[in-house]
Amino acid sequence: MIQGLESIMNQGTKRILLAATLAATPWQVYGSIEQPSLLPTPPMGFNNWARFMCDLNETLFTETADTMAANGLRDAGYNRINLDDCWMAYQRSDNGSLQWNTTKFPHGLPWLAKYVKAKGFHFGIYEDSGNMTCGGYPGSYNHEEQDANTFASWGIDYLKLDGCNVYATQGRTLEEEYKQRYGHWHQVLSKMQHPLIFSESAPAYFAGTDNNTDWYTVMDWVPIYGELARHSTDILVYSGAGSAWDSIMNNYNYNTLLARYQRPGYFNDPDFLIPDHPGLTADEKRSHFALWASFSAPLIISAYIPALSKDEIAFLTNEALIAVNQDPLAQQATLASRDDTLDILTRSLANGDRLLTVLNKGNTTVTRDIPVQWLGLTETDCTYTAEDLWDGKTQKISDHIKIELASHATAVFRLSLPQGCSSVVPTGLVFNTASGNCLTAASNSSVAFQSCNGETSQIWQVTPSGVIRPVSQTTQCLAADGNLVKLQACDSTDSDGQKWTYPVTGNLKNAKTDGCLTEGSVQMKSCLYERDGQVFGLPSGVQLA
């Protein structure tokens, strides 16, 4: 568990996904056995850590299962009960097997697994890739096969593997050591008759540094090994000092940097939902849920379930938002626009609908008109039906939708696209994921990276052929000529200079120069491995090279 890592961006964010084509070859989907069917949509359920930390016992989990089965959470899709750290004895048994703490779990974990399964839940557990867990209990290093078999024999089908107490062995960097250990676990799980869902915490141990290269590198391999990855800081625990809202926003910002990795079978994990945290307002709790749902992020509640209010149960079981979260396309909502106050995000859904999510980060109520063109809807004379996913009310819109949001509130609309108006061009910010600066089009055909300001000049369309053009000047296209990057007429004969590809490393590569877009003075340079100035976020819907 990583706590206290500083927020890496106050303004930046990023992501991508799949639907149009910015490249020729789609990126292969992996799971812990190279099968996205193992976890095609993000997990939903309960974990004790953020609410109770090491104060866990058998009664907590039986009471949680009983309540979730009765209050609608299980039936809404929250079907996993997961233990976190501190469940085990301080010593392994004589044969090296892990043992549960018999005081905390007098009936044993196999008994508890049967109990929660009888209530309609899956059962998950926590371990660590080091020699000790974060809480000082036995880690799985050099016991991987034995522990995997133990967990399976207990009826467990989900493993959260933390990364405390991992040290580089001779001849390896720390990143290489983590890759070896998590890769070995992947091999162990792949050989099992019924592989466990594999939640990897490795990226969290590389987040929040001055140089993101190792963090990006770890993010490159976690989708190959498992189904979800805890990528950054821990969400603030119930008893922790500091602002719970700031903690949510910190993890939200981290998640926006990583959308290019997510697809069916692998999900970015910005950590638990904390709906009973006393430091959150009602709007902040609802925003936390709505943003995670829009991301198609794991919805794992860490709260005292029996004491949740009716209002908290109501938003946690919102069918329309859960349907977005569980949408089989598994796109992450990405930034269409951003300024100091509003984040506007969008994504596509499997049936062709378009999602609009708007977050008010400011401290006062905000009213704003949002053009449908910012959402990737470019056809004229169209009327769309927009459903408010909080209350189910619908409205007809044509060129814009009007939003009024209280401080720290989030609006979510699902737009139905009528026949003849159903084409979508991936649209949104192109921004550097280290600095958070947005690519900005100027009227003199120049481009620059500037602080994100919500202007149309920072919103870009990405066409199926790999052409990138600003919404403010749709007849102009981003082009490279030698080291120079500029806007030029889209009908230029220099077609290769206007074609870009986007690999999973986050580079924007130009077909003519074979170089990479580089922040700074905005120029083309040789492509370097996961260099901060060359890693960018693009709109959802752009397919990876």
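Glycine residues also receive a Cβ, built from the backbone N, Cα and C atoms like all the rest.
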Disulfide-bonded cysteine for Cys54 as listed in Swiss-Prot, from Cys86, Cys134: Cys86
Active-site residues (Asp162, Asp220), the one with most neighbouring Cβ atoms at 10 Å: Asp162
Neighbour tally for Asn211 (N-linked glycosylation site), based on other Cβ positions within 10 Å of its Cβ: 12
Least surrounded among the disulfide-bonded residues, given as Cys164, Cys452, when other CB atoms within 10 Å are counted: Cys164
DSSP three-state assignment for Cys438 (disulfide bond): strand
Site with most surrounding Cβ atoms, counting all protein chains shown within 10 Å, from the disulfide-bonded residues Cys54, Cys86, Cys134, Cys438, Cys477: Cys438
Close in space, distant in sequence - Asn363 (N-linked glycosylation site), Cβ under 8 Å, 6 or more apart: Ser407
